[in-house]
Amino acid sequence: MTDQTPAPQAGTDHDQWLPDEPGLLGRVFAPVAGYGVTLSSIFRPTVTEQYPFIRPVLMPRYHGRHQLNRYDDGLEKCIGCELCAWACPADAIYVEAGSNAPGAQYSPGERYGRVYQINYLRCIFCGMCIEACPTRALTMTNEIDELVGPNRTGLIYEKQDLLAPVPDGALDAPHPMVEGTEDGDYYRGEVTGPTQAQVDWVRAHRPEDPTLATARTVAAPNLAKEAVH
Ligand code: SF4
Ligand code: SF4
């Protein structure tokens, strides 16, 4: 086989890239030279994180545990479209959609995320999934210390592990959408809380629901507009 290495051109100093030969002192202290790094660092302030005794201060947009968000009336934002799962480079998300029904409306529109799983053994916290989500249902929190599990299966988070708590003054799902609205009204942020009709529906179907006691009703947005005009 022919040697393809080009021959050095005349006038090129190839030795300039080689380290200098150590002098006499360099050769004497070479075996203990590494201690110089230790000695120069020994009096510097300690930077070891004392977690979990002292929680680290994380940046506001730190990529921590995911969260499935809700609207202000308590309905879920996830519509089960699976865009987050398709965007995930690590194949860490699994979604199965379900159909909303008159007695079981979990999100505005036709469908909701019936099954939602994130496998934290695979997730690399890149945030591609939250960029792909069309309804801002999926965001990432600052939480890092809860990402533990008793075994490998325990690190596959289910929908109930990811779903945000019911907002203050809202009603837990399922319940009907705000009367007179469609899903676009929710996307535009026009729903600001539960209405009396939603409270009445939950009271009739789940009288023991604890969010009934804290629900704060607002006027339906479209009805309020009609009253102004
Ligand atoms: S953060 Fe990245 S790796 Fe983790 S679930 Fe989202 S897209 Fe997948
Ligand atoms: S979290 Fe967003 S992108 Fe993923 S299924 Fe739900 S709505 Fe679609």
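Placed from the backbone N, Cα and C atoms, the Cβ positions cover glycine too.
Keep in mind that what you see is a predicted model, and the values were worked out from it rather than measured.
Taken from TrEMBL, the feature domain '4Fe-4S ferredoxin-type' covers 67-98 (among others). Within its own chain, the domain '4Fe-4S ferredoxin-type' (67-98) is flanked in space by residues 105-120, 122-124, 126, 128-141, 159, 162-164, 166-167, 169-173, 175, 177-178, 183, 186, 191-195, 198, 211, which lie at least six positions past its ends and keep a Cβ under 8 Å from the stretch.
Residues or ranges marked as [4Fe-4S] cluster 1 binding site by TrEMBL: Cys78, Cys81, Cys84, Cys133. Taking a C-beta cut-off of under 8 Å and a sequence gap of six or more, Cys84 ([4Fe-4S] cluster 1 binding site) has these contacts in its own chain: Ile93, Val95, Cys129, Ile130, Ala132, Cys133, Leu138.
Among the features that TrEMBL reports, [4Fe-4S] cluster 2 binding site is placed at Cys88, Cys123, Cys126, Cys129. Residue density at Cys129 ([4Fe-4S] cluster 2 binding site): 24 other Cβ atoms are found within 10 A of its Cβ, drawing on all protein chains shown. Secondary structure at Cys129 ([4Fe-4S] cluster 2 binding site), taken from DSSP and collapsed to helix, strand or coil, is helix.
As annotated by TrEMBL, domain '4Fe-4S ferredoxin-type' applies to 114-143 (among others).
Under the heading region 'Disordered', TrEMBL lists 210-229.
Taking a Cβ distance under 6 Å to any atom of ligand 1 as the criterion, the binding-site residues Cys78, Cys81, Cys88, Cys123, Cys129, Cys133 reduce to Cys88, Cys123, Cys129. Counting every protein chain shown, the Cβ of Cys133 ([4Fe-4S] cluster 1 binding site) has 19 other Cβ atoms within 10 Å. Listed in chain order, the extra residues whose Cβ falls within 8 Å of the Cβ center of the [4Fe-4S] cluster 2 site residues Cys88, Cys123, Cys126, Cys129 are Cys84, Ala87, Pro89, Ala90, Ala92, Ile93, Ile118, Ile124, Phe125, Gly127, Met128. Taking a Cβ cut-off of under 6 Å from any atom of ligand 2, the binding-site residues Cys78, Cys81, Cys84, Cys123, Cys129, Cys133 reduce to Cys78, Cys81, Cys84, Cys133.
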